[in-house]
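Engineer: One structure is given below, represented as structure tokens, and several questions about it will come after.
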């Protein structure tokens, strides 16, 4: 900003004073060339320090030799630009007739720089507020991420409990099958057909339990694969973060859009989270109800087994009891089929919940991608603001020094001291001739003092202006 303002103001002054006399002496050209070299020597360490601050640290900075070449070319270009600006400023100051006009021009430039520094401070305050908002949003996202991890651990524990429950069911079914085989040997040939049907149903139940066990194992393997994919995605995300650190110029344009997107995503995330919590609570309640139904069914099965034993003892007496028992067995098979259908429905709901959790994890990774480069860029802006404040303090000190010099010169003019020499060589020769005629001793001594004062008054303001870069 400072560099552009200087380059815009200097040509305007040059155009306004283009009609002034352009006859210069060779001594003045030598002095201007010496001043340019001195200003370049003063400005080169400032730009070197700024570029060394902006260079990235770590193994990435030294990895690409092309970056070093680009930095060297940028430094050369900046040096050439500074040389041109110094020449233009010298020409603009030489067009002015008196040092008071030069000081007035420099004061205008200093006032412009102060306005720009105030604007920069306002922007820094706005960016600090935005940074605080982003930090709060980061804390919220971290808390939500921890809650999602807890939910995942709970789901894993539920899967383990389901596996254990399936194992116990399988063992119980095996024991029941063995008992039924022993009882079938003792039974008569008349009821052998019915016992074979019961055995077939039990075998189907065993096959179903085996399928459930295999499905649980497959789900566990899928969870492991998902965890590995999540780790690979995190590594890929880290690489993407390193690549996106180079896109620094797009921060100011995208801050507002990202804040709006983050707010909308937070609202969506909270809604989805509430829906998932409701579904999880409903699934838990239904799971408990299913457990209670299983206990009741087991109790009913035990009751039916007792009845079957009584039926064996009283099979000659009660044919009617056999028919009722058969009807009740058919009802039980229907209930078991219904329960299997409900288990399939709950399994589909559980898979949908897992998909929703995966989508939430992907949204979280996207938010982390967008948040980290913003944080890095805000830190860099803070560093730039601190550097601008330091430069502003230096400028204020140098302006006070200039004011003291102006007061000293005004006092010299009031006391009828020799007039300060202008920058042009022809005027300096005329004043030297006139002063040598009037006072050959005192005026010759006053000459180098005036030249030194003009040089100091030129060097200090220029150093003040270009040190702001």
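Using N, Cα and C of the backbone, Cβ positions are placed for all residues, glycine too.
Fair warning: this is a prediction, and the values are worked out from it, not measured in the lab.
Below are the features listed in TrEMBL for this protein:
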type	residues	note
COILED	103-229	coiled coil
COILED	255-293	coiled coil
COILED	322-349	coiled coil
COILED	378-405	coiled coil
COMPBIAS	1-10	compositional bias 'Polar residues'
REGION	1-75	region 'Disordered'
REGION	431-453	region 'Disordered'
Engineer: Determine the mean pLDDT over the coiled coil (255-293), rounding to the nearest whole number.
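Structural biologist: Across the coiled coil (255-293), the average pLDDT comes out at 83.
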Engineer: Can you tell me which recorded stretch out of 103-229, 255-293, 322-349 has the most Cβ pairs within less than 8 Å of the coiled coil (378-405)?
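Structural biologist: When the Cβ pairs under 8 Å are tallied, 103-229 comes out ahead.
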Engineer: Quickly jot the same-chain residues contacting the coiled coil (322-349) by Cβ under 8 Å, restricted to those at least six beyond its ends, or write none.
Structural biologist: 194, 198, 201, 205, 208, 279, 283, 286-287, 290, 293, 297, 300-301, 304, 307-308, 311, 315
